[in-house]
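Here is what TrEMBL records for this protein:
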DOMAIN    6-145  domain 'Glycosyltransferase family 28 N-terminal'
BINDING   T13, G14, G15, N127, S201, Q304  UDP-N-acetyl-alpha-D-glucosamine binding site
DOMAIN    195-360  domain 'Glycosyl transferase family 28 C-terminal'
Amino acid sequence: MGLMRVLLTGGGTGGHIYPALALARDLRRRVEDLELLYVGTPGGMEKELVPREGIPFTAIDVRGLPRRPGLEQVRALWQAWRSLGQAKGVLRRFRPNVVVGTGGYVSGPVVFMAHRMGIPTLIHEQNVVPGLTNRLLSRVVDAVAVSFPDTSAFPKAKRVVITGNPRASELVEVQEDRVEAIRREYGLKTDRPAVVIVSGSRGAAPINRAAQGLLPKLKGAPFQLVWVTGRAHFEDIERDVERQFGKERVEGVTIVPFCHDMPALLHAVDCVVCRAGASTVAELTAAGTPAILIPSPYVAGRHQERNARWLAEREAAVVLPEDQLTPDELFRRIIHILGRNEAKEMSRRSRELGLVDAARTLSLLVVSLASAKGRQ
């Protein structure tokens, strides 16, 4: 069909952005003549992450709708109305063959306006419980791609396809040299198990507090620890830990603000403690890493709890509710997973759930929608 133009949109959190970027990378491998454009918000993470991939980025002004009526809600509605015009302008200039939304409020006006303009549209839902934007868009788009077989909240969708999360595909492509490099970078030895605690892209304070309380227990502990604090909390944590333990810190503990190669790190460790965002769940099942999931109670629709429960019901992870999170309980759970045969069995069950061909499946769906438009 010649040149294929694909417009990607989604943002707010890494859970919406990383799947879009994984899709973009796979499309670049498959489509010889491809032009990409990413539409996000001016203040979102996507503004920083997307240009690093060499993908042109443009922003429109839109924000989430406050739950309570008031002046802020009126402003948000006015901004949403204006964003439709901005989205229309972007679509007219770029002239995409297909538009793909991966969630977050920015995808709403872009995907909806593409539908109104007769452009093929597709949304990808990462969670077991869909977000509000995708629930609304599912009524008008040409196809809905879902990550979980249990996602069934799209009764009025024209077409629902189980693709999995494209982020998972990148986990199976990790070479051993990358795993060895991350082990060297974080000083991980092979003579005892390794655990990583990840507080999320924005840094979850409750997880960081529990991790800090865990440190005194790690002198002589039977495992090593990598603690990924999130950039927002790193400097404060660095000062607190140095004040508590001195510059020598705790042997076998590495503290970093961000991991540049999380797929490799997941292959390098024996257990991960983390939130239960959709991309995280996809990564865990692709890597087969045993996990202690601490779902965020603050996200809309409490969708992380459903994601975590989906894994736990299949004995592929354990759930530790945030209101039960203490250093003692966290230490006990880690020791339990690392002991006996628990980690091995959990890893096997987790891998059985992974849809590792997700990026390819989603790419082929995108190409088919774009090609169908070209044949009309």
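Including glycine, each Cβ sits where the backbone N, Cα and C put it.
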Where T13 (UDP-N-acetyl-alpha-D-glucosamine binding site) falls in three-state DSSP terms: coil
Cβ packing number for G15 (UDP-N-acetyl-alpha-D-glucosamine binding site), 10 Å threshold: 29
Three-state secondary structure, Q304 (UDP-N-acetyl-alpha-D-glucosamine binding site) (per DSSP): helix
Mean per-residue pLDDT computed across the domain 'Glycosyltransferase family 28 N-terminal' (6-145): 90
Cβ neighbour count (within 10 Å, all chains shown) around G14 (UDP-N-acetyl-alpha-D-glucosamine binding site): 21
Residues of the domain 'Glycosyltransferase family 28 N-terminal' (6-145) by DSSP state, where helix covers H, G and I: 64 helix, 26 strand, 50 coil
